[in-house]
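The next block holds one structure in the form of structure tokens; read it before the comments.
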């Protein structure tokens, strides 16, 4: 295969990589049930969403390996309704057909909603200006078989969502959130900006949402674990605020389980997909 050519001009002789110039960058909007996966990122001894997606892409790419990059590295058991991923390919499959083609090779726990071509300097992670996560708490005396995989069942206490909302509201802004960072993070600092928060009750469901420029390792689950203690009356609003402002990680012993957490939206300076907002609105009625 001819991989390069020589281009002569007034500026001299230039060698052009034909293969490189034919590459397209494709962005995917995908949804997955994280119950059976070790998280988004590829691991050595466990099955990840990235591994499964890349295997399907490689099959469609004439068995040439494909590397993907995601907007957020969701942890084991965490779901996504609008994860954003990009990859480069010289395959000539029309852009609008990538979603249906991939879904033919993916398990039912992973679905691609939309594919679109993006500029070569666009990046699923680094071009993002926010991520939005939703956590669902089932605050009911009785369990719910169909909600169990996507919520945290809290049955001993009737949670006060108003107090939880007030406490969560104080997190908005740029702060050092090292208190809400699990051990093992490779991040160089723990300062990030929380842009928006929301706490709503829908009958027996309490839905918490948090939007930020970036998230620390385990951040949302640690925040929710503390807020549930506030809602149950075992932790005061004052004590909750003191804990995270004092940056004493040792006081954060309550972390919410993974299954209630879902990545629902990733934002970019310019709109990338037509389905992202549809996915976000739809899930508020589902989980």
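Every residue gets a Cβ built from N, Cα and C, even glycine.
In TrEMBL this protein carries:
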ACT_SITE  75  active site, nucleophile
BINDING   133  substrate binding site
DOMAIN    30-126  domain 'Pseudouridine synthase I TruA alpha/beta'
DOMAIN    170-269  domain 'Pseudouridine synthase I TruA alpha/beta'
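Residue 133 (substrate binding site) sits 12 Å from residue 75 (active site, nucleophile), taking the C-alpha atoms as the reference points. Per-site Cβ counts within 10 Å over the recorded positions 75, 133 peak at 133.
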